[in-house]
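If you check TrEMBL, you get these features:
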- 1-26: region 'Disordered' (REGION)
- 65-87: transmembrane segment (TRANSMEM)
- 163-183: transmembrane segment (TRANSMEM)
- 195-218: transmembrane segment (TRANSMEM)
- 230-248: transmembrane segment (TRANSMEM)
- 268-287: transmembrane segment (TRANSMEM)
- 294-314: transmembrane segment (TRANSMEM)
- 320-339: transmembrane segment (TRANSMEM)
Amino acid sequence: MGVSVSVGPTSPDRLDKEPTSMVQGASNGSRLKYQSLGVLVLQTTSLVLTMRYSRTLKEDGPRYLASSAVVLSEVLKIFACTVLVLFENNFSFRSMNQLLKEEIVKKPVDTVKLAVPAGIYTLQNNLLYVALSNLDAATYQVTYQLKILTTALFSVSMLGKRLVLHQWLSLLLLMAGVALVQWPTDLEQKVLTPGSQFMGVTAVLIACLSSGFAGVYFEKILKETKQSVWVRNIQLGLFSFVFGLMGMMVYDGRSVVKSGMFQGYNTITWIVVILQAVGGLVVAMVIKHADNILKGFATSMSIILSTLISYFLLHDFNPTGVFFVGAMLVIAATFLYSYEVKAASSAIGV
């Protein structure tokens with residue numbers, strides 16, 4: 001009785017405030033989710049389409065060097081991560097310098113570990129340019145979803161992760177869908193030569209393999225340490241810059257000496273470089289507001305948008321019934337795998 005009397009006078013105010021705050025919180029959370037969905041779709045679709053357009057754009061001068069674009073994107077990524085670390089340290093240059101010295105210079109073993117994923121990411125980024133120079137954006141988008149398969153397999157073998165039955169079935173659906181998308185048709189031969197398609201598909205498959213291994217390896221390193229992800233990205237970017245620079249000089253050294261590193265650059269090229277550099281960081285910040293179902297929606301919408309724009313604007317893609325069946329299987333597999341991951345996570349209380 002005494003307890004109910006003491007709280008009685010204030011309970012009407014609480015009853016008024018609590019529903020309002022709950023509604024506002026739910027509204028803000030819903031708005032953040034939809035904003036995250038929009039950013040994910042925009043980033044994924046715009047990078048693929050602009051990269052494809054930049055590699056097929058016909059100009060009088062030489063085409064820009066993909067290797068130089070990879071190097072520049074790493075420079076921008078290091079700069080962006082440095083700004084974020086500075087922000088985390090309340091814009092104190094002294095604190096930031098001390099942190100970077102402690103984590104990069106005084107921990108050489110931990111730093112060198114990141115050379116492995118950095119080298120693989122550098123290879124992967126170069127392969128994506130090769131893929132989009134030889135494949136339309138729609139085919140690339142669908143085929144690149146095989147990274148779900150490679151990431152799952154490496155997670156099982158390296159992190160000891162367990163997949164449930166529905167996840168294994170989703171991986172089979174994924175492989176079937178990608179196989180159908182790559183099924184040769186008469187219409188396709190008018191746009192792509194067999195040689196260029198084979199080169200493009202090979203580049204995507206190697207990129208999927210490297211993406212799966214590097215992603216899981218990087219995740220393992222992040223789980224073993226408590227350092228900021230932005231500091232780790234700076235370490236990763238430094239190695240990637242060195243590897244990218246070496247690759248550029250080995251494969252395009254003569255062109256760089258003759259015409260310079262920025263040969264063939266235009267506005268579209270710079271947009272591609274910026275999207276590649278900042279895109280991954282934007283997704284990393286956005287992903288905490290987006291659950292697995294939302295990521296599935298983003299992937300599906302990106303595939304649909306890439307297909308429509310490739311057909312209506314870029315005119316480098318002829319859709320077929322087989323392609324659409326394959327694409328639908330890939331989209332269904334993405335949703336099925338993501339849903340089961342979320343259900344498993346909530347079951348074990350992670």
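Even glycines carry a Cβ here, placed using N, Cα and C.
Using a Cβ-Cβ cut-off under 8 Å and counting only residues 6 or more beyond its ends in the same chain, the transmembrane segment (294-314) has close neighbours at 33, 36-37, 40-41, 44-45, 48-49, 52-53, 56, 136-138, 140-142, 145, 287, 327, 330-331, 334-335, 338-339. Beyond the transmembrane segment (320-339), the same-chain residues lying 6 or more positions past its ends with a Cβ under 8 Å from any Cβ of the stretch are 138-139, 142, 145, 148, 152, 166-167, 169-171, 173-174, 176-183, 185, 187-188, 292-293, 295-296, 299-300, 303, 307.
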